[in-house]
Structures are given as C-alpha cells and as structure tokens.
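Some notes on the structure that comes next.
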Amino acid sequence: YNTLINGFCKRDKVEDGMKLFREMSQRGLIGSAVTYTTLMQGFFQAADCESAQEVFNQMVSSGVPPSIMTYSILLDGLCKNGKLERALVIFQDMQKSGMELNIFTYTIIIEGMCKAGKVED
C-alpha cells in the first residue's frame, strides 16, 4: 500500500492516495509513520495544509508515533505554505516534550523565519 500511496502522491493524485489509505483501513490494516508522512507530503505539495494537518492529527490519535522525519515534513510544509506561526507552536511543543531535534528541524524553522522576515526573533 505504501508504494502505491507514494506513487499517487508523487503524481499529484493525493486524493487517490487517501482513497487507498481508507481502503487499507477498512481492511483492518494500520498505516505506519511512512504512510501518514507520505500523505502529509502529498497534501503539502497540493498546498492543502488543513488536510495535511488532519492526517497528522489522525496519525497521533491512531497511536502511531510521529518520527522526527514526520515532524520535519510537517514543519517544512507549514513554513513553505505561509503557516509559520502554526509551525512555531508545533516546534515549541516538540522542544517541551524533550524530543531530540536535529539539524534538519532547526534549518526548516530558520529558513521559515527568514522567508517570513522574522530573522530577529
């Protein structure tokens, strides 16, 4: 399923990827962090931040722990789609939870702040 969902998302057919994900769920299969992250990335590529965040929330509520890669894609997608404030709230939550952040995570936030003209913050 992951390979097919990834293929749909790369071809800008994220809705078809979601249909496949729903079918997978109806068959009792649980998506992995890779599945959810792929869908999030597809929605961000389509500039659909709300759906991407819904996928993230569904992932968390389903008990699938987000990886640092998942968070990086979430932060990057939000920043690139002009949602810096939302990204900063998530970033702060990550810090408070004690999650080990990496150079990629910091780079995403710094680039997002520069793009938004908030370098001084």
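Each residue, glycine too, has its Cβ placed from N, Cα and C.
A TrEMBL annotation is a machine prediction, not a hand-curated record.
Long-range Cβ contacts of the repeat 'PPR' (1-31) within its own chain (Cβ-Cβ under 8 Å, at least 6 residues beyond either end) map to 38-39, 41-43, 45-46, 48, 51, 59, 62, 64. Under the heading repeat 'PPR', TrEMBL lists 1-31 (among others).
Summed and averaged per residue, pLDDT over the repeat 'PPR' (32-66) gives 95. The repeat 'PPR' annotation in TrEMBL covers 32-66 (among others).
Taken from TrEMBL, the feature repeat 'PPR' applies to 67-101 (among others).
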(message) Treating G and I as helix alongside H, and B as strand alongside E, what does DSSP give for the repeat 'PPR' (67-101) in helix, strand and coil?
(response) 26 helix, 0 strand, 9 coil
